[in-house]
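Asker: Sharing the record's features from Swiss-Prot:
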| type | residues | note |
| --- | --- | --- |
| BINDING | Thr10, Ala11, Gly12, Asn123, Arg159, Ser193, Ile240, Gln284 | UDP-N-acetyl-alpha-D-glucosamine binding site |
Amino acid sequence: MRVVVAGGGTAGHIEPALAVAEALRDKHGATVSALGTARGLETTLVPDRGFELHLIEPVPVPRKPNMDLLKLPFRVAKALGQARKALKDTDAQAVIGFGGYVSAPAYMAAKSLGLPFFVHEANARAGMANKLGVKLGGVGLNAVAGSGMEGDVVGIPIRAVLSGARDESAADRARDTWGLDKDRQTIFVTGGSQGSVSINKAVEQAVDQLVEAGFQVLHAVGKKNELPAAKPGYHPVPFIDDMQAAYTVADLIVCRSGAMTVAEVTAAGVPAIYVPLPHGNGEQALNAQAVIKAGAARQIDDADFTAQTLIDATLDILLHPSTHQSMSDAAKTSTAGNASTVIADMIAATIKSQHN
C-alpha cells in the first residue's frame, strides 16, 4: 500500500499530514511519502519522522490582483509536473492533502493520473486549495462542520502520543532540558514556528510580574526573532521541535489558535489563552470557539493583547486551582476520538476496494 501525503509550509499543514502518515504506516503497513517545498518546515519535520520527502515548487495564490497573479499559470504548470513525477516515482495508490502551497498541485496530479485523493480541512473556514480539491473530485474531510467545504466531519488528526495521561517522567526530562523548576507552575508561550511580534512584546513586558507571582515562563520566540536574555524564571528559546514535551510541562499555554495547535493543546488537557492571528481569511478567530465555549480556554484578540491583559488572565487561571482544574477537565472532555486512524482506515479501504 503506497500513499502520498501533501501538506507543507507551516506546522499546521504538516503535523496532521504526518499524523495520518504514521497511522497508515503503523496500522496498515503502508509506505508513505510526502510532498513539500524547500522553504517549509517539512524539510526537517518529515525526515525526522522517518518519511521520504519529495520537493515541488510552492504555488501561493495571491489574495489581490498583482504581478504574481500573472505568473500563477506557469507556477502551477511547473508544480503540477513535479507532483505528477513524484506520484509516478512512488507508484502512489492514493493521495491526501491538508491545504497549503503543495496541496493544489497534488490534487491536480492525482486527478490527472486517475488516483483516488482525499482533502482534509483543519480550519473552521476552508482555504482555496482544499475547495479546489473537492471540486476536482476529492473526498472532503472536515475538522468541524460549517467550513464551507463539502465533506464529512472527522476531526483533526493528531499524533497518538499527544493524547492520554500526563507522563511525569517525561515531564521531568523536559524540565531538565529547559532548566525549569519542578515546584513552579509553567506558562508556555509560543507564537508558532516564526514567532509573533505582538505576543513576544507583551510577554517580555509581563515576565517580571509573572515570575514575581510565583510562575516561570518557557517562551519560544520564533527562529527569526532575536533571543531575549534569560533570567531567573524566564526561559526563552528560539523554537521547540518537541511540542509534546512542552505540553507535558505546561500548566498554561499562551499561543495562536491555528487549528492544529488548538487540537493538540486540547488533547493534552492544558488550559490555554488563545491570541488569534488577525490575518488570512479569519479562520483563527473561529478555530478555538468550541473549546472556549466548553470552558477549556480563553481568548484575547491580538489588538487587545498586552502585558496587562496577559497578566490578568494568567493570574485569574493559575491563582485559582478550581478554575485551572475545571479548564483542564473541560479540555480533556472536549477531545474527540483521534481522526488519524479514521482517515487512515478510509484511505486503506479505498485502496483495497480498487485492487480486489
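Any Cβ shown, glycine's included, is placed from N, Cα and C.
Could you give the neighbours, burial and distances for every feature on this list?
Answerer: Spatially close to Ile240 (UDP-N-acetyl-alpha-D-glucosamine binding site) yet at least six residues away along the chain are Thr190, Ala220, Ala246, judged by Cβ distances under 8 angstroms. A coil conformation is recorded for Ile240 (UDP-N-acetyl-alpha-D-glucosamine binding site) in the three-state DSSP classification, outside any helix or strand.
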Asker: Counting only other Cβ atoms and using a 10 Å cut-off, which of the binding-site residues Asn123, Ser193 scores lowest?
Answerer: Ser193
Asker: Ala11, Gly12, Gln284: which of these binding-site residues has the sparsest Cβ neighbourhood within 10 Å?
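Answerer: Taking Ala11, Gly12, Gln284 as the binding-site residues, the minimal 10 Å Cβ count falls on Ala11.
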Asker: Going along the chain, which residues six or more apart from Arg159 (UDP-N-acetyl-alpha-D-glucosamine binding site) have their CB under 8 A from its CB?
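Answerer: Spatial neighbours, sequence-distant, of Arg159 (UDP-N-acetyl-alpha-D-glucosamine binding site): Glu15, Leu18, Ala19, Glu22, Gln244, Ser340.
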